[in-house]
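Chemist: Just lifted these from TrEMBL, have a look:
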DOMAIN    65-625  domain 'CstA N-terminal'
TRANSMEM  125-144  transmembrane segment
TRANSMEM  190-214  transmembrane segment
TRANSMEM  220-241  transmembrane segment
TRANSMEM  253-271  transmembrane segment
TRANSMEM  286-307  transmembrane segment
TRANSMEM  319-336  transmembrane segment
TRANSMEM  356-373  transmembrane segment
TRANSMEM  394-417  transmembrane segment
TRANSMEM  546-565  transmembrane segment
TRANSMEM  577-600  transmembrane segment
TRANSMEM  607-628  transmembrane segment
TRANSMEM  675-697  transmembrane segment
Amino acid sequence: MDTVPPRTYNNSNFPEGLPAVSLSDEERARQQRWTPLRVTIWILISAIAGLGWWMLAVRRGETVNGIWFVFAAIGSYFIGYRFYAKYIQDKLVHPDDSRATPAEYDYNGRDFVPTDRRILYGHHFAAIAGAGPLVGPVLSAQMGYLPSTIWIIVGVILAGAVQDYLVLVISMRRGGRSLGQMAREELGRFGGIAALIATLTIMLIIVAILAMVVVNSLAASSWGVWSVGLTIPIALLMGFYLRYLRPGKVFEVSIIGIVLLVLAIASGAWIENTAVASALHLSKPFLAWAIIIYGFIAAVLPVWMLLAPRDYLSTFMKVGVIAMLAISIVIVRPVINVPAMTVYATNGAGPVFSGKLFPFLFVTIACGALSGFHATISSGTTPKLIEKESQARLIGYGGMLMESFVAIMALVAALSVDRGIYFAMNSPAGATGNTVKSAIAYVNSLGLSGVHANANTLTTTAKLVGETSIVSRTGGAPTLAVGLATIMHKIFGGEAMMSFWYHFAIMFEALFILTSVDAGTRVARFMLSDALGNFWPRLKDHSWKVGSWLTTAIMVAGWGSILLMGVTDPLGGINTLFPLFGIANQLLAAVALSICLVIFARAGHTWRLLIIFVPMLFTAIITVYGSWLKIFSPDPKLGYWANHMTYKRAIADGKTSLGQAKNIDEMHTVVGNTAIQGTMSIIFVVCALIVMIVACIRTVQALRGRNIIDTEDPAKPSKIFAPSGLMPTKAERDLQVEWDAFYEEHPELDLESVHKDKEHA
């Protein structure tokens, strides 16, 4: 693996005679020539993808093997990355590695820091991969395996990864500006204000729900608290090691991080049944405050110190566990007994969540295929860290493909769980009675073909995973943990290890999601700084520590208050926030694609704008329609205000319990929560519609040659070199040798020296 030498950034005293900062166009063209070996490889990849899709979508027997999901996904991702993403890069983006990125020309040692592409890939993936790809596919499994599989794989290739990639590109060429600020510049005052309101308020909901899932996962889990907590000092060690002790030695610090991470995970099992474990059985409010404090600290520290190395470290675990699960699926080949499509896809009366396939499957899966939250990361931390424009395809498009694969693995894990257990776990306590006997009666009353719950299966499974009960363990995460344990124990340890794998999965999910909380907080700070900077210009200076601390405190207070409200909600805050999270997240994606549409229209593109317009239009339809149903549906199980009025009338009639609300206080809580849901949904959809309408007007004007503005930062020449892909080519390795020799000749031009010079200045 190549090393990245210490470099100077934005240094006017750089000597003449630099090596080339990028490969020539001729060399790149030579590297991409088709050879018989390459043709053979791509024929094989296409055959693997085709076989997977044939078995899933065409042949479709009563059962289907889990291996076909892996084949269809991996083959499709490779094809999408090599051909569709490459087409977008060549025809829309036109990367120029001789042009400096904001990380180079605005380097400040904290937020703007050129970061090795492998570490940045890890940071970006860790930041975007939150609760969505783990929870959404598990919940959507009630509709059958085929709709979810098609949307997760095809949706990410044509929509989700396209959004992440293009938002990263446009932000990178505009000084790393936030999504809301770019909207204001491109759409004007009216559309820009609507976009700023939408992005800021949606970010509060998103970060709060991500933090709440972490709290629910770690509550009363000493193993999880111990292992997740240890990742913080490990990340600090990696940050200082790579910054000061051994700059550029990515391979070394990776080995150190992996070894320490494995020890952190294993030691979590060692402390069970000890005094330490008892001390780490923490309450939800305590954990909420701990995450709030952590979120503030992580957002104000230099990105190289904690955020980037911690996300890079987390990526090892995320990718490692998902890869291990994929390999296990190929070896175990679990048989999926779920129909391709169930009755709940058409009647909308599913016990896990209400609503028909269109639009609620797309909203529920969320981040597994398309996520507006990703656009805030692609216009937040990542464009301030990327070294070269050509790396954007790997990090933006490739990072989203990896998250989609996480969603597919989560779907397979959920599908591998006995269907009786699945519905007993994911149906609300008000329906199951929260006991084994009543849960069995409820699941069997659903009348689903091939679904039969029995007491022995439920109690035995609970005992094997080390739980007293698994009835109504809603939210998706426990079901995923049972599915992972069901598959993994067949290779590693047998039934005696099911409890280990179950609790390992719970800890994995908490660590998986927490990285999105700290990155989301930092991004929210950037967004607020850009927004308030229109009135107080100095706030746009991200190097001003007072401004950074102030805006961070405001955003943390915002999502922290929502988090505390949720964890103290007697009915569980997840019930209030997750539906709102799903719709808000997809509305934000429509906003992000709208901004991309305007920018690329003003850049002179015409029919290729369909690459952006088609997913934008589809996303707008499903989210606006979903919002309409949630706001105006007369069905209390579906509509916010219908449910609100049902409970309000019940209270007025003197009732003291209704549905899942067992007392008058809980009934008042439902009234308040549904009012919040309904009001916030109206705000989100109105702001998003304003943005999309204004964006379409601006796009039409641009196509007619009117209102053409260029908001890109002036191009500055780059004075650094870095490979484009995950693995450097031979030509890139040869050029790296020249740069190594250059830095040996000029040892004074290292990152630390330049940073000190800028601090003194």
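Note: Cβ is positioned from N, Cα and C throughout, glycine not excepted.
Tell me about the setting of these features in this model.
Modeler: Under 8 Å from some Cβ of the transmembrane segment (190-214) lie the Cβ atoms of residues 130-131, 135, 178-181, 183-184, 287-288, 291-292, 295, 372-373, 376, 475, 477, 509-510, 513-514, 516-517, 520-521, 523-524, 527-528, 531, 555, 558-560, 562-563, 566-567, 573-574, 577-578, 580-581, 584-585, 587-588, 591, 595, 680, 683-684, 686-688, 690-691, 694-695, 698, all in the same chain and six or more residues away from its ends.
Beyond the ends of the transmembrane segment (253-271), by six or more residues, the same chain brings 222-224, 226-227, 230-231, 234-235, 237-238, 241-242, 246, 277, 280, 309, 312-313, 316-317, 500, 503-504, 507 to within a C-beta distance below 8 angstroms of the stretch.
Among residues of the same chain six or more beyond the transmembrane segment (356-373), those with a C-beta under 8 A of the stretch's C-beta atoms are 128-133, 136-137, 139-140, 143, 147-148, 151-152, 155-156, 159-160, 163, 202-203, 206, 341, 345-348, 403-404, 406-408, 410-411, 516, 520, 581-592, 615, 619, 621-623, 625-626, 629.
Listed as Cβ neighbours of the transmembrane segment (607-628) (distance under 8 Å, sequence separation of 6 or more from its ends, same chain) are residues 88, 91-92, 158-159, 162-163, 166, 355, 358-360, 362-363, 370, 583, 586-587, 589-590, 593-594, 596-597, 600-601, 681, 684-685, 688-689, 692, 699.
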Chemist: Can the transmembrane segment (286-307) be said to touch the transmembrane segment (125-144) if we require at least 3 CB pairs below 8 Å and skip pairs under 6 apart in sequence?
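Modeler: With fewer than 3 qualifying Cβ pairs, these stretches do not touch.
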Chemist: Between the transmembrane segment (577-600) and the stretches 125-144, 220-241, 319-336, 394-417, work out which stretch tops the count of Cβ pairs under 8 Å.
Modeler: 125-144
Chemist: Grab the same-chain neighbours of the transmembrane segment (125-144) for me: Cβ-Cβ under 8 Å, and only residues 6 or more beyond its ends, written as numbers and ranges.
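Modeler: Beyond its ends, the transmembrane segment (125-144) has Cβ neighbours at 152, 164, 209-210, 213, 310-312, 314-315, 318-319, 338-342, 344-345, 350-353, 357, 361, 364-368, 371, 373-374, 377, 381-382, 399-400, 402-404, 406-408, 410-411, 413-415, 422-423, 426, 475-477, 479-480, 483, 509, 512-513, 515-517, 519-520, 523, 578, 582, 585.
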Chemist: Near the transmembrane segment (220-241), which residues from the same chain, at least 6 beyond its ends, have a CB less than 8 A from one of its CBs?
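Modeler: Distant Cβ neighbours of the transmembrane segment (220-241) are 249, 252-253, 256-257, 260-261, 264-265, 267-269, 271-272, 276-282, 287, 294, 304-306, 308-310, 312-314, 503, 506-507, 510-511, 514.
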